[in-house]
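Swiss-Prot annotations:
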type: SITE; residues: T43; note: site 'Part of a proton relay during catalysis'
type: BINDING; residues: T44, I202; note: pyruvate binding site
type: SITE; residues: Y106; note: site 'Part of a proton relay during catalysis'
type: ACT_SITE; residues: Y132; note: active site, proton donor/acceptor
type: ACT_SITE; residues: K160; note: active site, schiff-base intermediate with substrate
Amino acid sequence: MFKGAGVAIVTPFKEGKIDFAAFEKLIDFHLENNTQALIVLGTTGEASTQTMEEREALIRLAVQRVEGRIPVIVGTGSNCTDTALQYTRQAEDLGADGILVVTPYYNKCTQKGLIEHFTQIANATKLPVILYNVPSRTGVNILPETVATMSKVENVIGIKEAGGNTAQVLEIKRLVPEDFKIYSGNDDQIIPIYACGGHGVISVASNVIPKEIQEMCAAFMEGNVEKALEIQLLYKKFIDLLFCEVNPIPVKAAVSALGYIENELRLPLTPMEEVNRKKLMDEMKKQNII
């Protein structure tokens with residue numbers, strides 16, 4: 001689907017509504033800075049707080065603005081299979097290039113339930129499907145054997161692995177076909193996931209430093225591990241601060257500091273604590289990001 005750095009793009013809000021003008025500017029920012037894919041309506045995009053109508057407008061704008069230059073991948077997961085199917089059909093109808101499907105959250109289903117859930121969604125679309133494992137948020141871990149089962153479904157082409165367990169990533173790599181894509185879901189594990197046979201990252205940090213994250217990925221893919229590691233280490237503290245409060249609270253503060261968006265979230269998310277915001281701003285100044 002893509003190799004390198006895709007951005008899990010934030011959704012800008014202004015006075016409670018989506019700021020579409022700001023969203024266009026963000027897309028242009030990523031096109032100018034070599035981002036390899038646009039992931040819309042994911043965790044970082046606050047998808048769970050948006051209506052069907054808002055989703056439609058956001059997807060439509062992303063597809064139109066990108067004009068096929070990079071893949072537009074839409075988060076269509078839900079803890080209700082029927083709702084996930086509706087989101088998936090909507091994304092396909094609006095011209096998305098692929099979908100990202102998170103494990104059902106709160107329900108805490110079995111591995112059998114995961115397989116049936118993902119299979120129904122994959123069978124309902126011609127789009128490439130990327131599974132999304134983030135057990136810290138969902139309460140459910142996709143086991144490597146389950147990933148291997150799903151990899152046999154023709155249009156299930158990869159996984160965003162945000163479990164933080166490199167041993168699990170290695171086991172997935174051992175079990176799946178060679179062309180099955182493994183993307184890091186954690187910015188602090190880009191190099192480790194590459195070393196486990198990964199193909200890139202679906203990145204939060206790319207909202208702020210897209211050029212640098214893609215340079216890190218490109219360096220590793222070109223065999224320059226030393227340069228890739230140098231970039232990973234250079235921005236380690238910044239990346240840590242992006243997750244000192246729950247995502248996307250810090251990254252929205254960071255993108256706001258760049259001047260692209262208002263620092264606005266939808267409840268139940270609230271703005272960053274001032275003590276943490278100051279640490280983030282200080283590090284951004286230190287790294288000449290602002």
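Cβ atoms are placed via backbone N, Cα and C, with glycine included.
Small disclaimer: the values here were computed from a predicted structure and weren't measured.
Comparing Cα positions, I202 (pyruvate binding site) lies closest to K160 out of the recorded positions T43, Y106, Y132, K160.
With respect to their backbone Cα atoms, T43 (site 'Part of a proton relay during catalysis') and K160 (active site, schiff-base intermediate with substrate) stand 12 Å from each other.
Rounded to a whole value, the Cα-Cα separation of Y132 (active site, proton donor/acceptor) and Y106 (site 'Part of a proton relay during catalysis') is 15 Å. The Cβ of T44 (pyruvate binding site) has 23 neighbouring Cβ atoms from other residues within 10 Å, across all protein chains displayed.
The number of other CB atoms found within 10 A of the CB of K160 (active site, schiff-base intermediate with substrate), across every protein chain shown, is 28. Counting Cβ atoms from all protein chains shown, Y106 (site 'Part of a proton relay during catalysis') has 9 others lying within 10 Å of its own Cβ.
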